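The GTP binding site annotation in Swiss-Prot covers 163-170, 188-192, 210-213, 279-282, 341-343, and the record cites sequence analysis as its basis. Residues or ranges marked as Mg(2+) binding site by Swiss-Prot on the basis of sequence analysis: Ser170, Thr190. Marked as domain 'Obg' by Swiss-Prot on the basis of sequence analysis: 1-156. Residues annotated as domain 'OBG-type G' in Swiss-Prot, with sequence analysis given as evidence: 157-360.
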Amino acid sequence: MFVDSVEIIIASGKGGPGMVSFRREKFVIKGGPDGGDGGDGGDVYFEVDNNTDTLASFRGTKHHKAKNGAPGGTRNCAGKKGEDKIIVVPPGTQVFVGDELWLDLVEPKERVLALKGGKGGLGNAHFKSATKQQPTYAQKGLEGVEKCVRLELKLIADIGLVGFPNAGKSTLISTISNAKPKIANYEFTTLVPNLGVVSVDEKSEFLMADIPGIIEGASEGKGLGISFLKHIERTKVLAFVLDASRLDLGIKEQYKRLRLELEKFSPTLANKPFGVLLNKCDVVENINEMTKDFCAFLNLEAQKLNAFDLEPYLGFLHPNLTSDFENNPNEQSALFVLPLSAVSALNTHALKFVLLKALQ
């Protein structure tokens with residue numbers, strides 16, 4: 001089950017009470033005070049675990065509390081510190097108190113102190129004085145801290161796939177990565193985000209995210225895509241997946257509508273570096289002309305390159321995809337325009353190298 005938002009209550013432990021006791025030994029008639037200090041309450045930490053990508057483990061478990069400190073003992077023995085509470089979350093988890101962002105947990109194995117446990121109380125040995133040799137008072141431990149927080153997950157990926165329902169995003173991510181999403185010939189097959197690791201060679205790999213298809217009005221709450229757009233906010237490069245075989249909606253119109261929804265949702269997201277993938281090109285007769293025309297629409301000059309082992313008749317890429325792959329000075333210009341077929345794996349091998357270059 002994929003869960004990306006949950007409310008929980010976290011609490012640190014209470015400090016243990018100090019001890020009231022007096023030294024009692026043979027031949028010692030009136031021993032002095034020897035009550036030990038109470039142990040500090042346990043702390044609460046958030047720890048990032050790279051092996052999980054959902055908050056589902058928090059469903060049904062609302063309270064997360066550290067242990068209380070133990071009471072002080074006799075003979076000046078201090079009480080044991082309360083056991084800490086380690087709350088494990090996936091990378092990309094944000095912790096909110098009300099509407100205010102409190103913690104942003106990104107790095108794997110990162111551990112952040114959230115709440116400090118209450119201080120243990122002092123034993124009566126601390127209160128002996130010249131005028132009070134037999135103090136019968138010890139401090140209580142301080143209370144712990146409790147907070148109601150909201151966990152929001154924003155998946156961390158290098159490449160984010162954006163497209164309309166049934167554009168072939170799930171097929172693509174299953175073809176070039178280790179992800180195994182549900183694939184079927186109907187809209188909204190993808191109901192939750194999918195993450196996949198794309199291995200380019202023995203030394204290089206990157207993470208790709210596929211979210212449910214976006215429809216017109218998604219930024220206003222229609223469809224499924226809007227609730228998951230936040231999962232591509234952290235991506236470095238967006239890849240628009242367009243269905244080149246659609247007769248009712250051409251690739252230019254698909255692109256314009258997708259970009260409009262992104263701009264409405266988040267200008268920052270819309271301004272990310274991006275490329276365009278013309279999917280299902282194996283069933284389009286005039287794919288070369290279509291690609292040239294689309295490049296002209298983006299004010300790009302289509303160019304045939306063999307640097308990435310492209311299929312000979314599908315080698316149209318942005319000129320920036322040269323060996324040095326310099327950054328495009330125009331942030332709104334596509335880094336690449338690549339025709340491919342996720343079903344027949346046409347140009348998908350080359351796509352891995354294209355995306356890796358884009359990330360560099």
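Using N, Cα and C of the backbone, Cβ positions are placed for all residues, glycine too.
Note: the CA-CA distance between Gly163 (GTP binding site) and Ser170 (Mg(2+) binding site) rounds to 10 Å. Of all the binding-site residues listed here (Asn166, Ser170, Ser341), it is Asn166 whose C-beta has the fewest other C-beta atoms within 10 angstroms.
Counting every protein chain shown, the number of other Cβ atoms lying within 10 Å of the Cβ of Pro212 (GTP binding site) is 25. In the shown protein chains, 30 other C-beta atoms lie within 10 A of the C-beta of Lys169 (GTP binding site). The average pLDDT for the domain 'Obg' (1-156) in the predicted structure is 92. Annotation note: Ser341 (GTP binding site) sits in a strand segment as assigned by DSSP.
The Cβ neighbour count for Gly163 (GTP binding site), using a 10 Å radius and every protein chain shown, is 25.
A helical conformation is recorded for Lys169 (GTP binding site) in the three-state DSSP classification. Cα of Ser170 (Mg(2+) binding site) to Cα of Pro212 (GTP binding site): a distance of 9 Å.
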